[in-house]
Amino acid sequence: MKTLLLTLVVVTIVCLDLGYTLTCLNCPEMFCGKFQICRNGEKICFKKLHQRRPFSLRYIRGCAATCPETKPRDMVECCSTDRCNR
């Protein structure tokens, strides 16, 4: 009986889809130390630099379902591994 129970537990663990959750940096500073666990469907980390005026950059980092659109005076980098948007 114990063997059957143990077998059922092992099969249940193996068959469960534990899933994978992506972790991305999420803060507006140049040097970032805050992390965000991405929601279901968000499979991309991004870093967006926006030049507001000469010598003034705004950093935006986070999770996304798709790579954000690049607009004038923006630079966007996308990646798909943990904490890759440094």
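Heads up, the Cβ atoms here are built off N, Cα and C, so glycines get one too.
The model shown is predicted, which means the values in this text are computed figures rather than measured ones.
The feature signal peptide is assigned by Swiss-Prot to 1-21, with experimental evidence given as support.
Taking the Cβ of C24 (disulfide bond) as centre and 10 Å as the limit, one finds 26 other Cβ atoms among all the protein chains shown. Look at Swiss-Prot and you will find C24-C45 (among others) tagged as disulfide bond, backed by similarity to another entry.
Cβ neighbours within 10 Å of C27 (disulfide bond), excluding its own Cβ and spanning all shown chains: 15. According to Swiss-Prot, the feature disulfide bond maps to C27-C32 (among others).
The disulfide bond annotation in Swiss-Prot covers C38-C63 (among others) and is backed by similarity to another entry. Sequence-distant contacts (6 or more apart, same chain, Cβ under 8 Å) of C63 (disulfide bond) comprise L22, C24, N26, Q36, C38, R39, E42, I44, C45, F46.
Around C67 (disulfide bond), the same-chain residues at least 6 positions away in sequence with a Cβ under 8 Å from its Cβ are I44, F46, V76, C78. The feature disulfide bond is assigned by Swiss-Prot to C67-C78 (among others), with similarity to another entry given as support.
Here Swiss-Prot flags C79-C84 (among others) as disulfide bond. Of all the Cβ atoms in the protein chains shown, 16 others lie within 10 Å of the Cβ of C79 (disulfide bond).
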Q | Assigned element (helix, strand, coil) containing C78 (disulfide bond), judged by DSSP | A | strand
